[in-house]
Amino acid sequence: MSLVHPDTSNYPFRFAPFLRQEYSFSLDPDRPVCQYYNSKEGASSCPNGTLCPNKHVLPIFQNKIVCKHWLRGLCKKNDQCEYLHEYNLRKMPECVFFTKNGYCTQSPECQYLHIDPTSKVQQCEDYRMGFCPLGTACPCKHVKKIICPKYVTGFCPLGRDCDWEHPPFYVPNELSKIRIKRDDEINTKKLDEEKERRLNAIINGELVI
């Protein structure tokens with residue numbers, strides 16, 4: 001048995017069945033799809049219910065990208081998750097670090113997709129200038145620039161269907177409120193804290209002078 005990678009198969013836990021039933025922990029991601037499961041009737045259509053060792057996959061959740069939380073073992077939705085719970089390199093989420101910086105520190109071991117920026121759909125220049133004659137048939141991307149006044153005030157009932165832009169909110173700059181302390185102030189505070197700790201230790205009998 002290795003100290004770095006010990007064999008724990010002989011040490012079962014009483015809560016292991018609960019984790020397997022509720023969160024599908026320790027289940028083979030390549031296990032077959034249950035032939036008895038009916039998406040319309042739910043888990044009751046399978047005689048094994050939530051204890052079934054096979055997958056219960058809803059049709060509307062197929063052909064999705066891989067769940068990023070499942071990759072880290074943190075997804076709690078089990079088979080009800082709207083993302084894939086399997087290793088599929090073609091359906092992995094896009095690497096945020098690579099998209100933002102143009103490179104990835106985890107490459108080539110990174111599990112996420114590294115998409116070439118030049119392969120993405122380019123922004124439509126006609127739409128950016130104010131009008132695109134092709135409309136929805138345009139092969140380029142139409143980026144909304146007019147900010148939605150309802151969204152800025154707090155809520156837009158149209159959501160993603162709104163014709164105006166919903167920009168992300170930014171945290172106000174707090175640099176003006178930051179006060180820079182001198183080294184002597186920091187050292188004095190540390191000295192006072194040390195004296196207070198020693199005094200409390202003496203009072204509690206933890207330190208004898």
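Just so you know, the numbers here start at 1 and follow the chain as drawn.
Quick reminder: no glycine exception, Cβ is built from N, Cα and C everywhere.
According to Swiss-Prot, the feature zinc finger maps to 28-59, 61-88, 89-117, 118-145, 147-169, an assignment based on sequence analysis.
Sequence-distant contacts of the zinc finger (118-145), counting only residues of its own chain at least 6 positions beyond either end whose CB sits under 8 Å from a CB of the stretch, comprise 163-165. Mean pLDDT for the zinc finger (89-117) in the predicted structure: 76. Here the zinc finger (89-117) is broken down by DSSP into helix, strand and coil counts: 10 helix, 2 strand, 17 coil.
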